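Structure first, then comments.
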Amino acid sequence: MDVLELARWQFAITTVYHFLFVPITIGLSALVAGYHTAWLRTGNTQYLRLAKFLGKLFTINFALGLVTGIVQEFQFGMNWSDYSRFVGDIFGAPLAIEALLAFFLESTFLGLWIFGWGRLPRALHAACIWIVHIGTLLSAYFILAANSFMQNPVGYRFNPETQRAELVDFGAVLLNKVQLVTFPHVAFSSYMVGGAVAMGVMLWNLRKRTLEARAAADAVETGGATKVAPTADDLTMYRKASRVGAIVMLVASLGVVVTGDLQGKVMTEVQPMKMAAAEALYDTYEKDAPFSIFTVGTRDGKEEKFAVTVPNLLSFLATGDFHGKVEGVNDLEPELQKKFNEGKLTSADSYTPNMMWSYWSFRWMMGWGGICMAIGVWVLWITRKGRNPVNRWMGPAALVGALSPVFAMSIGWIFTEIGRQPWVVYGVMTTKQGVSPSVSAGEVLTSMIVYTLLYGALAVVEVKLFMDYMRKGAEPVADDGEDLPGGHSDGSKNDDELSFAY
Amino acid sequence: MELTTFWFIIIGVLWTGYFVLEGFDFGVGMLLPVLGKGKADSTTDAAAGQAGEVTDPVTDHIGENEKRRRVLLNTIGPVWDGNEVWLLTAGGATFAAFPNWYATLFSAAYLPLLIILVGLIVRNMGFEYRHKRDSVAWRKGWDTAIIVGSFIPAILWGVALTNMVRGLPINADMEFTGNLFTLLNPLSLLGGIVTMLVFMTHGCFFVALKTDGAVRHDARALATKTGLAAAVLAVVLLVWLGIEVGTVTSWVTSVLVALFFLAALAFNLRGKEGAAFAGTFVAIALFVLTYFVMLFPNVMPSTTNAAWSLTTENASSSHHTLVIMTWVALIFTPLVVLYQSWTYWVFRKRITTKHIPEAVDPSRPDPIKVH
C-alpha cells in the first residue's frame, strides 16, 4: 500500500474509534446533568444515585474519547500536510475555536464536577456538569462546521497567488447548509445514543436486581438469607431509569429521522453523486424513482438480480416530491469528468465512490437506528404501568439496544466520508492531493500499527471496566444525599477525607 | 504591529501556557516513584522509618507509600486535563494562523510526535483509570503508564522545539527533507534533558505548595538536586543556542531565565514555596520567550537555504482569517484564564495522606459515609 492508502486507513481507524466515544460523551453528559439537577430540585436521593452511577460510566468513556481526540487534531498536519496547507486558512479556524471554546470548558468543568463534591455550592456544582455538556455540543458544532466545509465548500475563494483556498465569509462556513442539517442530526443521534446506553445499563440492572431480590426472598423462607438484597425502592429506581433512557432515545430518534430526511435533500442538491451511490442508482429516473430496501446484484453491483423496492420513495427522499427527478451514476460520471478532469487538484480516474459501501452503509445506518427504536418501544411496553418483569430477552435487548445507535452513527459517518470520495474537499481537492509528501509509507504504517494495537488494548480495558461498574450498579448514598464526611455542599468543609480522590 | 507578528506572539503565549501548567504535572508524573515513597506522615517511630527504606515493588502500591502516591496524583487530579488543552489550542491556533508552520512542523516531527501522542494517551488513561480498581497489579501497570507517559513528552517537547529554533533541512516547497536522525542531534537532545529537569523541579515546587507532611518536605529537598542539574544544563543549552542563533534580546531573556530559576531555588531553600513555584513559572515563560525571540521573524528556519525558511509572513493565513481569529482570541483567552484560575482557587487546599479515602473497587460496594 502507498502513503495515500495507508493514511486513509489510519484516518478511518482512528476516527471511527474516536467517534465511538464521542456520542456517548455528548448523550450521557446530558443525562448525568439531568439527574443531578433532578436531585437538587426534589431532594430525592435516587436521582443522586443515578447521577453518580451514570457519572462513573461517563468518565470511564470520556477518558478514551479525550485521548483519541488529541490524535485527531495532530493527524491533519502529520499525514495530510498538503491538505492542511491548502485549506488551513478556512479549516484551521473552527479547530482552533473548538479547542479554545469547547475543550477548555469540557476539561476544566469536568475536573470541577468530578472533584467538586462537597467543595462547591450545590447549584454551582450541578452547573459544572451542564457546562461540560454545553462544551461537548460546542465541540460538535465546530468540528462539524469543518467537516461540512469538506462536504460543501462555501465562503471561500481560490487565491491563485498563494495557490490555496482562502476564507472570505466565516459566517457562511459556520452556517453552511450542510452544517445546518448535519449538526442537529449528529446532536439528536448523540442523545439517542445517550438514552440507549442508559436504557441498556438500567435494564440490565433491573433484571439482575429483581432476580437477586427474588432469590433473597426465597432464602428468607428457607432461613438462609446471607447478603443484603436490593430493596423495592432500588427496583423502582432501575425500572424508572430504564424508561427514562428509552423515552430520551425515542424522542431523540424522531429528531434523527426528521433531520436525516432534510440531510438527504441537501445531499442530493450539493452531492448528487453521493445520493446516486447510496441508492446504487445507475440510470437517471426522470420521475418516480423507487427506493430500494434490499438488493441482490452482481458483485460489481452493475446488474440487479433481485430487489425489494418502494415505488416513488426515493424521489421523495431526494427531492421532497414523489415524482421528482433523481440522477444516476451513468449520467453524473461523464458530467463530473468533463468538469473536473483538467485541474491538477481535481483530476481523478473516477468520480464515483465505492458503490457497495455507499449502498449498504446507508441501509445499515437506518437499520441499526430502527432496531434501537424497536427495542426502546419494547422496553416501554414490558415495563408499562408499574410492571417489573424478568425475561430472558432483557439481557440481549440491553446490549443490542445500547450498541445499535453507536453502530448506526459509525456507519453513517463511514457512508458520509466514503460517499464523498474521491474528494477530500468536494469539487475542490481530491484526497490523493492532500497527503503529506515528506512522510514515508513506512512512517505511516508504523503509526497505524501503533495506534491500532494501543487502541485495541485500551478498548479491552475500557469495556471490562465499564461492565464491572455497570454490574456494581447505582450505589446507595447517605440520607442527606451528600456522602461527604462533614461536607456540606454550601462550601464549608473540614480537614477530613476527600469525597472523591484519585 | 502586523497581525502576523501578533499571532506569532499568541502562539508563543499558548506554548507558554502549556509548559508552565502541564510542566508541573509532567514533573509530578515523572517523580511519582521517587516522591511517592518514604516515611509515613506524622509518625516518627522506628517502624515507620524502616518502612520508608523498603523498596520491594509491592509495597509501593499498598499502605503508606500508596497513600503518598495518591496524594501526589490528587494534587494535579482536577487540573491536568485543563492544562493539556493549552497544547490542543496551541496546535489548533497554529493550524488556523500559520497553516504552513503547522503542516511542516507536524509532518517533519512525525515519529517524535507519534511517541509523544502515545505517551500522552497512556498517561491520561493512567490518571483516569488507576483509582478505579483496588488491585496492586492494576495500579502498577497504570503507574508505569503515568511515569513513562510523563517522561516522554517532557523530553520530546524540548527536543522538538529546540530543533525548530535551530533550524531543520527544509526545501523550497516548505517540506522537511531530513529523517529521524536529523532530529536527534546533540543540541536538541540537550534541550530535551533540560525541559525534563526543569519540569521535574517545577513539579517539586508544585507538590511542596500543594501537600503537607513528609511529601512536602521530600519535594523541597529533591527540588534542590534536580534544580541545580537543570540550572547547569540550561545555561549550557542557552549559551550554545545563543551562539548559534541568538540575538541581543535573546541573550537578555536568557540571563533573566537563569536569574529567575536560581531565585526559585533560593526561595525554596528558605522555605518560601509560593515564591519558588512562581520563580520556575516565570523562568519557564521566559525560556519559551527566549526560543520565540530566537525564531522571529522565522517560524521554522531552513538549514538548507535561509531563503527557504518559513516566516511569519509566508507561513501565515490570510489577513481576513487572522482578523477573525484575533477577535476570538481576544474575547475567549482571558475568559479561559479566568475560569481556569478559579479552578486552582477552588482546589487550593493542601492535601495530605490523611485526606486520602479508602480505595474503591467495582467488585465491592463503596463505604457509605455517614457523619
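Start at 1 and count along the chain as shown; that gives each residue its number.
For all residues, glycine too, the Cβ spot is worked out from N, Cα and C.
TrEMBL entries are annotated by machine, without manual review.
It should be emphasised that the depicted structure is a prediction, and the values quoted were computed from it without experimental measurement.
With a threshold of 8 Å between CB atoms, the same-chain residues lying at least 6 positions outside the transmembrane segment (B:6-32) that come near it are 69, 72-73, 75-76, 79-80, 82-84, 86-87, 89-90, 93-94, 97-98, 123, 143, 146-147, 149-151, 153-154, 157, 161, 195-196, 198-207, 219, 222, 277, 280-281, 284-285, 287-289, 292, 296-297, 299, 312, 316, 322, 325-326, 329, 333. Feature annotation from TrEMBL assigns transmembrane segment to B:6-32 (among others).
Annotated transmembrane segment per TrEMBL: B:101-122 (among others), in sequence order. Counting residues 6+ beyond its ends, the transmembrane segment (B:101-122) has Cβ neighbours under 8 Å at 84, 91, 94-95, 145-146, 148-153, 156-157, 159-160, 163-164, 168, 170, 174-176, 178, 180, 183, 299-300, 310, 315 in the same chain.
TrEMBL lists B:142-160 (among others) with the feature transmembrane segment. Same-chain neighbours of the transmembrane segment (B:142-160): 19, 23, 25-30, 32-33, 60-61, 69, 73, 105, 109, 112-113, 115-116, 118-127, 129-130, 183-184, 188-189, 191-196, 199-200, counting only residues six or more beyond its ends whose CB sits under 8 Å from a CB of the stretch.
Residues annotated as transmembrane segment in TrEMBL: B:180-209 (among others).
Using a Cβ-Cβ cut-off under 8 Å and counting only residues 6 or more beyond its ends in the same chain, the transmembrane segment (B:221-243) has close neighbours at 31, 34-35, 162, 165-166, 187, 190-191, 193-194, 197-198, 200-201, 204-205, 208, 250-251, 254, 257-258, 261-262, 264-265, 268-269, 276, 287, 290, 294. The transmembrane segment annotation in TrEMBL covers B:221-243 (among others).
Residues or ranges marked as transmembrane segment by TrEMBL: B:249-269 (among others).
As annotated by TrEMBL, transmembrane segment applies to B:276-296 (among others).
Sequence-distant contacts of the transmembrane segment (B:324-347) (same chain, at least 6 residues past either end, Cβ-Cβ under 8 Å): 3, 6-7, 10, 13, 78-79, 82, 93, 96-97, 317. The annotation transmembrane segment is assigned in TrEMBL to B:324-347 (among others).
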